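Here's the structure, in structure tokens; my notes come after.
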Amino acid sequence: MPTFAQPVPDDIVASSGLRSKFRPHVHGNYQICVEPSKGMETFYNDAMSTQLESKTLADIPGLGLVHPMALAMANCLPERLPAITRFADFTILNDDYYDIAKRDEIEKVNSDIQNALQDASVPGSKTQSSAGSDKDFKPKQMQAALVLELIMLDQQLAMDIMSSYSQGLDVATFAPDNLRTLDEYLPVRKVNSGLDVTAEMVCFGMGLRISPSDKAKLRPVVDLANFAITVVNDLYSWPKEIKCHLETPGSELPFNAVAVLMRHGGYSEPEAFRILYAKQAELEGEHLRQLDALRAQEGGRLPENQELYVENAQRAVCGSELWSVYTRRYPSKADLRQPEVEFVDGAFRYVADGEGAGEEKVVSESVESLPTTEVEDEFSSSDASPGSVDQAISTPPSTTFCSCEDEEEHIADVKEVCEDEADGVRDMSDISQKSKKKIDTLLPEGPGLTTYASRLEAAPDHAVIAPIKYLATLPSKGVRDTFIDALNWWLEVPEDSLRTIKTIISMLHDSSLILDDIEDDSTLRRGSPAAHMIFGTAQCINAANHIFVMVLAELQKLRSPLKTAILIATEELESLFVGQADDLHWKYHVDCPSTEDYMEMIDNKTGGLFRLCVRLLQAESTRTDVLDLDPRPFVRQLSLFFQIRDDYQNLVSDAYAKQKGFAEDLDEGKISLPIILTLQRARTRPEIMGVLKHKQPGPMAIEMKQYIVREMEKCGALESTRELLQGMQEDLIAELRRLEGDFGAKNATLELVLRRLWIS
């Protein structure tokens, strides 16, 4: 592997007072981090409406401005270093935001981040999206842009970062307060400070592919280095953290190794510092001893990728310390002219504030004036220590680097015709006030009930809505809500209208799922029993039909004339039912349509709901400068891609098989694109048609399904479908770029949704 790391000059190391025994390195092109870091700060503050300063660029004498990632990942691939820098600064700025935000604000940010991190390509995740303003959606676009940048560079390793970040997010945000020793503290702090994420960022940055089993083998050795990073971070961040705590009434106690030692070990602040100095040295020494032992087991040397991984862990320790010495993010006690801190009666305070306190003392002066031997002797003989350094100092590492022209004319005509009668139409509602009250009871509204999911959860257990409530408990990818939010980034629909449109689309989608499962004889939905298997076919048909009544009630809430909304809904629902009729006809008669007819069916069936969504959003849009823009070609391509991808994944995806069963479309007798291509090409067409025509109700025998899939592979139908999907992927991105240009804004959220569905 090429080397990009360069040793930091000896004179710079010497003047820094570095304690680490490892040799610090810096990226040979470390200056490329400066602009990404500054840009991320601006990007974050604009998205979050904050005025935070990351202070991640340290002015190191002899080097100039250096970002922590250039020291912690000195051998990072140059083309990946800017993206790593931006992501690291995002995590750091987010940490600062948590310090000033309310808990409900923090939880919302975390929820948005989790949604951005979820892998939408795997069925089974459960997401919820609430309608929001442009201000609310800006953070989501920022998060999506960061994830997208990493995925574009290396999707596999990027998803490892996202998975680790998602798993540790709650611990990183809300640290526990029941850790009494450093042995308890260190492992938790390692996660809290983002070092597990940093480990995946290292692999991404350097392009290292290390198996989970090899990472597990290396973990004890690497964790020792990570614990040393935590000690370094806690030592240098303590003055800032305790200052913030003491000056912020009601704030949480600092989650810091110094605090653990003072609160639960009975140590003074200087004693806690001395213990942590000794602990850093001990951790580094034990790391080297265990590394030597591991190498001996492996014949004297680890494989190159593993050696690079461990080497980076060492450089991260000393790099973290060198950066901490000079960064403005961590002013020293001397910089702050901060008195010694003590812990008395369950609270921290400055010694100068205590009764009979003497002169202010700066801890850095008192600690550094003691010889190393005195530090070690005092620690080893201290009666306050319940055990060894290991017992007292088990502190987890805290990394400082973690971060339609025709369509519009049509709508305009309708609006003009009904402008004078709009109020009358609304007054002459098709639904009586009594009926509307009944509907409101079945799907309640009110404070806190801002999403379709929350309204369903609050709905009564009435038979007419029970199948819908059941569907809401099943896993969902949430793609439609994300799609609506992403389009709204361009169209700027009022919040109440956006919420209503999401509800309408969700209602119609649920209705179609219930009816589809009945019409397709499906017994499973997302790995669970289909609704009609629980509530009965007749009851589910009634519930699905009742949804249309509720949709009419929701349409009345929109700001555009009711006649416009009803016209749009009627036209697109007609398309949906026409498409479904073709699909059912081909299945019942085992009739193989042409590829063109199949595409038209998808455009009607799948595209109907997408177009309904887009047209309602356009009708409610507050923008007047985009009336001549037409997103329908993009929507058509997206609909085709969604359905054909589903056809393909149903036959080849292990994840789909786990959720739905192997080749479930064949159980239903569905005429999908791979089946059409197979029947057009295979010499065994008569045999396959025979299997399909003589299929009995219920699942197809596994041997028959395996036979048909083998024939698909032999004749190239599956490969042709895959190639078609890959071409569609390129067309979708090209169409997205056109729309971004027309609307005048990038749409990272929409692109991320697309790319996570890609077929490789």
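Going from the start of the chain as shown, residues are counted 1 onward.
In case you wondered, yes, glycine gets a Cβ from its N, Cα and C as well.
Per Swiss-Prot, the candidate among Arg525, Arg737, Arg738 that belongs to the dimethylallyl diphosphate site alongside Lys605, Thr606, Gln643, Asn650, Lys660, Lys670 is Arg525. Annotated range for motif 'DDXXD 2' in Swiss-Prot, selecting from 136-140, 336-340, 516-520: 516-520. In terms of DSSP helix, strand and coil, the motif 'DDXXD 1' (95-99) has 5 helix, 0 strand, 0 coil. Across the binding-site residues listed here (Thr606, Gln643, Asn650), the residue whose Cβ sits among the most other Cβ atoms within 10 Å is Thr606. Secondary structure at Arg525 (dimethylallyl diphosphate binding site), taken from DSSP and collapsed to helix, strand or coil, is strand.
Those residues noted as binding dimethylallyl diphosphate (Arg525, Lys605, Thr606, Gln643, Asn650, Lys660, Lys670) have their most widely separated CA atoms at a distance of 21 Å. Here the region 'Terpene cyclase' (14-335) returns a mean pLDDT of 90 for the predicted model. Arg525 (dimethylallyl diphosphate binding site) counts 21 other C-beta atoms within 10 Å of its own C-beta, drawing on all protein chains shown.
In the three-state DSSP reading, Lys670 (dimethylallyl diphosphate binding site) counts as coil.
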